[in-house]
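Peer 1: This structure is in structure tokens; I'll ask about it shortly.
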Amino acid sequence: MDTSHTTKSCLLILLVALLCAERAQGLECYQCYGVPFETSCPSITCPYPDGVCVTQEAAVIVDSQTRKVKNNLCLPICPPNIESMEILGTKVNVKTSCCQEDLCNVAVPNGGSTWTMAGVLLFSLSSVLLQTLL
């Protein structure tokens, strides 16, 4: 038997075994409940075999006061996206998203301040200009 063929077969079997072992460890999700957006959350191994990582961004409005919080968790299925509801005079706007990759349920950053975005834009434009001049 050809040695290179045997080596390739062994490598293929090892690769398949590693890929299966990685998925057998379970889906990793961030988990926290009712925390401010900027709060970092610890990760957990999802206990559900076909579970999903869930991000919920909620704006709770009482009178004219708004409080924004997030929930990151693992669930067996993706919950329906209920965008707006009212509970006992309290309005709640919820945006729900689901994903099935490790640590994919991170809340989307808000983009930072106007000066930060202007600096990034200026840097991008200057690097393009520099490349065209060189």
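Glycine is treated like the rest: Cβ placed from N, Cα and C.
The disulfide bond annotation in Swiss-Prot covers Cys29-Cys53, Cys32-Cys41, Cys46-Cys74, Cys78-Cys98, Cys99-Cys104, and the record cites similarity to another entry as its basis. As annotated by Swiss-Prot, domain 'UPAR/Ly6' applies to 27-119. Look at Swiss-Prot and you will find Gly112 tagged as GPI-anchor amidated glycine, backed by sequence analysis. The signal peptide annotation in Swiss-Prot covers 1-26 and is backed by experimental evidence.
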Peer 1: Starting from Cys99 (disulfide bond), work out which of the disulfide-bonded residues listed here (Cys32, Cys41, Cys46, Cys53, Cys78) have their Cα within 10 Å, and give them in sequence order.
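Peer 2: Near Cys99 (disulfide bond) by Cα: Cys53, Cys78.
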Peer 1: Cα-Cα, whole number of Å: Cys78 (disulfide bond) versus Cys104 (disulfide bond)?
Peer 2: 14
Peer 1: Only counting partners 6 or more residues apart, tell me which same-chain residues put their Cβ under 8 Å from the Cβ of Cys32 (disulfide bond).
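Peer 2: Result: Thr39, Cys41, Pro42, Lys70, Asn71, Asn72, Leu73.
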Peer 1: Given the disulfide-bonded residues Cys29, Cys46, Cys53, find the one whose Cα is closest in space to the Cα of Cys98 (disulfide bond).
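Peer 2: Comparing Cα positions, the candidate nearest Cys98 (disulfide bond) turns out to be Cys53.
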Peer 1: Counting by DSSP, what is the helix, strand and coil composition of the domain 'UPAR/Ly6' (27-119)?
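Peer 2: Computed counts for the domain 'UPAR/Ly6' (27-119) are 6 helix, 46 strand, 41 coil.
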Peer 1: Sorry to bug you, but what's the C-alpha spacing from Cys29 (disulfide bond) to Cys104 (disulfide bond), rounded to the closest Å?
Peer 2: 7
Peer 1: I need the most crowded of these disulfide-bonded residues: Cys74, Cys78. Count other C-beta atoms within 10 angstroms of each C-beta and give me the top one.
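Peer 2: The largest 10 Å Cβ neighbour count belongs to Cys74.
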Peer 1: For Cys99 (disulfide bond), list the number of other Cβ atoms lying within 10 Å of its Cβ atom.
Peer 2: 16
Peer 1: Quick one, of the disulfide-bonded residues Cys29, Cys41, which Cβ has the fewest other Cβ within 10 Å?
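Peer 2: Among the disulfide-bonded residues Cys29, Cys41, the sparsest Cβ neighbourhood within 10 Å belongs to Cys41.
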Peer 1: I'm trying to understand the geometry here, so how far is the Cα atom of Cys29 (disulfide bond) from the Cα atom of Cys74 (disulfide bond), in Å to the nearest whole number?
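Peer 2: Between the alpha carbons of Cys29 (disulfide bond) and Cys74 (disulfide bond) there are 6 Å.
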